[in-house]
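Participant: If you look up Swiss-Prot, you'll see 1-28 marked as signal peptide, on the strength of sequence analysis. Sequence annotations record features per position, and here Swiss-Prot assigns domain 'Ig-like V-type' to 29-143. Look at Swiss-Prot and you will find 29-263 tagged as topological domain 'Extracellular', backed by sequence analysis. Feature annotation from Swiss-Prot assigns disulfide bond to C49-C127. Annotation source Swiss-Prot lists compositional bias 'Low complexity' at 177-189, 208-226.
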Amino acid sequence: MEQRNRLGALGYLPPLLLHALLLFVADAAFTEVPKDVTVREGDDIEMPCAFRASGATSYSLEIQWWYLKEPPRELLHELALSVPGARSKVTNKDATKISTVRVQGNDISHRLRLSAVRLQDEGVYECRVSDYSDDDTQEHKAQAMLRVLSRFAPPNMQAAEAVSHIQSSGPRRHGPASAANANNAGAASRTTSEPGRGDKSPPPGSPPAAIDPAVPEAAAASAAHTPTTTVAAAAAASSASPPSGQAVLLRQRHGSGTGRSYTTDPLLSLLLLALHKFLRLLLGH
């Protein structure tokens, strides 16, 4: 029985040895790399970076975050096609170190946090891991691109949109009515201003105005029409107004309309009328 237990215990040794051998032989590598990100101005972002050293022995590991600004133009296409963790060709003399973390072990990780990003924060960010497991220090790099979009559109674009909105909504909705009102106002102003033109006499010394051929004909027709109108008005007045004697009788009978009315004897009225005619005859001789 004990012999079987020993053989069973020995049966677990090969897998354990194989696992330890794999840990020892496995190469160091990133377990988490930063990725390209596009954000708007004022947003907060995080870029992860994690690294595992080779073997199970505790080593000294150091991780650094660097800001490389904008990469060279000839590398932009290569950056778009390459894997984020394998970008080790982007170098910049103006690189700026952001942070440094150092641990004793075989795993290390550090997240880069940027709050309220600005347009000038756009560029390449690099995670550098220094592995001191061997006599020669090994350095591993992983890069990611940060793109920052403006939160607001340029002022000229806003002005263009406002003008476009006014042009598209204003005239279509109120254009015909405004045009009709403008035409009516223009016609009214012409109607009121035309009578005044004939009243104004030209200043002295100015050349005589051109006479329209139709004006004399209109004047002649007006002159011919004026006597006819005068005669008709006179006839109407004569037919409408009674003789003087009858007017006296009417005034005596009906009164002037403002004072008191008195009842008069018809005989007295005839006598007064005869007296009036007699006086006219005397005055005539």
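For all residues, glycine too, the Cβ spot is worked out from N, Cα and C.
Help me picture these features in the structure, burial and contacts included.
Facilitator: The Cβ neighbour count for C49 (disulfide bond), using a 10 Å radius and every protein chain shown, is 26.
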Participant: Taking the Cβ of C127 (disulfide bond) as the reference point, list residues of the same chain whose Cβ is under 8 angstroms away and which are at least six residues distant in sequence.
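Facilitator: Within the chain, C127 (disulfide bond) has Cβ neighbours under 8 Å at V33, P34, M47, C49, I63, Q64, W65, W66, H110, L112, K141, A142, Q143.
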